[in-house]
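The following features are taken from TrEMBL:
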- GLU330: active site, proton donor (ACT_SITE)
- CYS67-CYS111: disulfide bond (DISULFID)
- CYS284-CYS335: disulfide bond (DISULFID)
- CYS512-CYS529: disulfide bond (DISULFID)
- 32-152: domain 'Beta-hexosaminidase eukaryotic type N-terminal' (DOMAIN)
- 174-493: domain 'Glycoside hydrolase family 20 catalytic' (DOMAIN)
- 1-31: signal peptide (SIGNAL)
Amino acid sequence: MSAVSSGQQTRPMYYLLLLMILQLGLHTAEGVWPLPQTLISSTERFPLSPQAFYFGYGRQSAAQQGCSVLDEAFKRYFSLIFPDYTSAYGILRFSTDKPFTVEVSVDRADCDGYPDENSSERYNMSVFAGRASLKAETVWGALRGLETLSQLVYQDDFGSYFVNKTDIEDFPRFQFRGILLDTSRHYLPVQAILKTLDAMAYSKFNVFHWHIVDDPSFPYQSRTFPMLSSKGAFHPMTHIYTQSDVRRVISYARMRGIRVLPEFDSPGHTKSWGQGQPDLLTPCYKGGIPSGTFGPVNPALPSTYQFMAALFKEVSSVFPDSYIHLGGDEVDFSCWKSNPYVRAFMQKMGFGSDFTKLEAFYMEKIVNITSALNKTSIVWQDVFDYHERIPKDTVLHIWKGTPASYHDELSRMTKAGMRVVLAAPWYINHISYGQDWRNYYTVQPLNFSGTEEQKKLVIGGEVCMWGEYVDATNLTPRLWPRASAAAERLWSDEKQTSNVDKAFPRLQDFRCKLVRRGIQAEPLYVGHCKQEYQGV
């Protein structure tokens, strides 16, 4: 046999081998973001066809068809898993593809409730030939598992869909994983908030902290005090959140396993409140006469507390979550100091000239109002720093300082037995040139001196997007994918996700997934996505 003919015989073998190597190289689901606690993936892969792909409930599942949260999620995730496929309803489809079924089972049928501070988000998932099995304690855990599944599915260069044989056990490292949006400094249309909730679900965030009002504007339309928004909003008709807007946000969030935590910050940050509620703010004095300007809420008047009790009664009926944020930060004492009536009140109360005691008095009254409504209060760290007597179940929110100072604060607060949420390292309204996501990724929330019991009191963290320079035009690219760096820190195991360089290609891949899903996530660095943003 000539050399030529033997070469011709080995060539098909060579091509076959090359094809097998290429096939192996094609299992390019770059992984899941945030990284699950344990993920075992094989190179064995299964083709998926949208015409033969089904979601269903396990026989033993406590939730069955008719469970609103999961029925809706199945529709939503079908479109996310097969973004190219638009179903033609009413047309008979004959498919020769082997069916693939995702079987979902939950232990508790909490289909009509709201996620809360104790909701389990744990799930287990196995993907094998023809089937994926997803088991969770609650529907909220099942939602997290569906998100993971949607990220495991990938397309080859010819557009065919695949998923690899996979086993996952997963649960969040921290229970509270929040995003703060500020809708006072700039009004954010409801659509921008809903889009943020979508992106939050993709990154497995579970708390939307709605900093709804502040000095510049009061867009929340109160049933009890309608003048607050009609006088305090940027515009009384176009720049407000009606009761139905608020219900829509809460309902949309619930369907994605996200709690809505409202913040009505006082006694500072309340200039807009004074427009529609006379005698609420403190008149400032100059040279012994009123100057015509106003400071924080007036803590010396009984009418202040009557107003606050009525407002918070409404707020606690509108927002179903058990938490309510009362603010308590950055109170400027100069106006209180200038007001002779406030000073006289302080003498009567025995506070002398210590205005931190006056703020403490005010905050204790407000916390007691919300406690009577069966709400757990969250307050900014200033309230703790002023040694205020607040109930032990109050959650403290750290927003100030460098790593050294917030680590000290974590030690002090948890030593006092208080629960804490850490926000200081994740103020991502601050931007800098370059890859600042790396700084957010390397935060170590439990790297402070304290016992194991103290560390359990750190219930989570929050990414804050303050609104001085942010509205609907730049909210999404400024938030994503930078916030997703914090999402992995708050969900995943710290040891497995400590290497920033290893995280980079996964985050780049996840950013492309966000872009394909219509989220205008900004690029991390030079490169491209297979599907670029189409402006829809």
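Our numbering is plain: 1 for the first residue shown, then up by one each step along the chain.
Backbone N, Cα and C define each Cβ position, glycine as well.
Note that the coordinates shown come from a computational prediction; the quantities given were computed from them, not determined experimentally.
CYS284 (disulfide bond) sits 17 Å from GLU330 (active site, proton donor), taking the Cα positions as reference. Comparing CYS512 (disulfide bond) with the residue listed as 'active site, proton donor', their Cα atoms are 39 Å apart once rounded. Looking only at the disulfide-bonded residues CYS67, CYS111, CYS529, the one with its C-alpha closest to CYS335 (disulfide bond) is CYS111.
For the pair formed by GLU330 (active site, proton donor) and CYS67 (disulfide bond), distance between Cα atoms is given as 45 Å, rounded to the nearest Å. The Cβ of CYS529 has fewer other Cβ atoms within 10 Å than any other of the disulfide-bonded residues CYS335, CYS512, CYS529.
On the 0 to 100 pLDDT scale, the domain 'Glycoside hydrolase family 20 catalytic' (174-493) averages 96 in this prediction. Cα-Cα distance from CYS111 (disulfide bond) to CYS529 (disulfide bond): 37 Å (rounded to the nearest whole number). Here the Cβ of CYS111 (disulfide bond) has 17 other Cβ atoms within 10 Å, regardless of which shown protein chain they belong to. For the pair CYS67 (disulfide bond) and CYS529 (disulfide bond), the Cα-Cα distance reads 36 Å.
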